[in-house]
């Protein structure tokens, strides 16, 4: 069993704490920044459509679901039982958020491609494989031995409920997040494939192309993919408490990006006139408020 030095543990705990605090600041700051858009594009247009339900889930589940994690994380005098419960809650919570994001991926790309059944089957297969791989890797990671923090506790360093991982555990999480990134790359590639031909055909250039990239989701999918790749890299090369330093950050960024995408889609659907090209515009509007006459 690996026993890191006390000062090494303290540095890792500090980095983890700072990263989690930054994640919370981003999450809540973005919420208040986009709250007016939520009222305008969702509250004033009540809908029971799947898109609206998923928006509220990805909007408010991270907002409130992360509160217990923050409280327990910085609450001292935790025993092993409460820390184990917090760890299970954290992992189940992250899994649920990632699953919702993946469902939004599927709906968005399926809309861009005109609800192609073969593509839908491919996306569902990819997400299903991601879920199965994640479950298998999570189970396998529980069979390995954790990190000994005796040296840190001996000099009064309180690790609270911060989770540390061995190299073996880190490898399992690398495989788990690789499955997530594989879906990210698939979605990102399919979205770019729809967007790039606009420039080749000369239907939009410059700022118009940038607006289309934002509307169709390529920008948001790209950011999510980049952050998840960074998370994999950290799991692969970091040590002990540092291995999971980007997990919450990656989850927050993904939820924020998907929220902004859906707000932009609703904003697009309300525009009466636009200079943007028509490619995927119908799909964008359909995703935002698909068949309101039949879904509401």
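Each residue, glycine too, has its Cβ placed from N, Cα and C.
Caution: TrEMBL annotation is automatic and unverified by curators.
Given the structure is predicted, the values throughout are model-derived calculations rather than measurements.
Copied from TrEMBL, the annotated features are:
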TRANSMEM  15-32  transmembrane segment
DOMAIN    18-64  domain 'DUF6533'
TRANSMEM  53-76  transmembrane segment
TRANSMEM  88-107  transmembrane segment
TRANSMEM  119-140  transmembrane segment
TRANSMEM  174-196  transmembrane segment
TRANSMEM  217-238  transmembrane segment
TRANSMEM  244-263  transmembrane segment
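Cβ atoms under 8 Å from those of the transmembrane segment (119-140) belong to residues 91, 95, 98-99, 102-103, 105-106, 109-110, 113, 172-173, 175-176, 179-180, 182-183, 186-187, 190 of the same chain, restricted to positions at least 6 beyond its ends. Here the transmembrane segment (15-32) sits against the transmembrane segment (244-263); at least 3 CB pairs are under 8 Å, leaving out pairs fewer than 6 apart in sequence. Outside the transmembrane segment (244-263) by six or more residues, the chain places 15-16, 19-20, 22-24, 26-27, 30, 34, 37-38, 41, 51, 54-55, 58-59, 61-62, 66, 69, 94, 97-98, 101, 104, 108, 163, 165, 173, 217, 220-221, 223-224, 227-228, 230-231, 234-235, 238, 288 with a CB less than 8 A from a CB of the stretch.
Residues of the domain 'DUF6533' (18-64) grouped by DSSP class, helix first, strand second and coil last, total 41 helix, 0 strand, 6 coil.
Through the fold, the transmembrane segment (53-76) approaches residues 17, 20, 23-24, 27-28, 31, 38, 42, 82-83, 86, 89-90, 93, 96-97, 100-101, 103-104, 107, 158, 160-162, 248, 251-252, 255, 258-259, 262 of its own chain, all at least 6 residues removed from its boundaries and within a Cβ separation under 8 Å.
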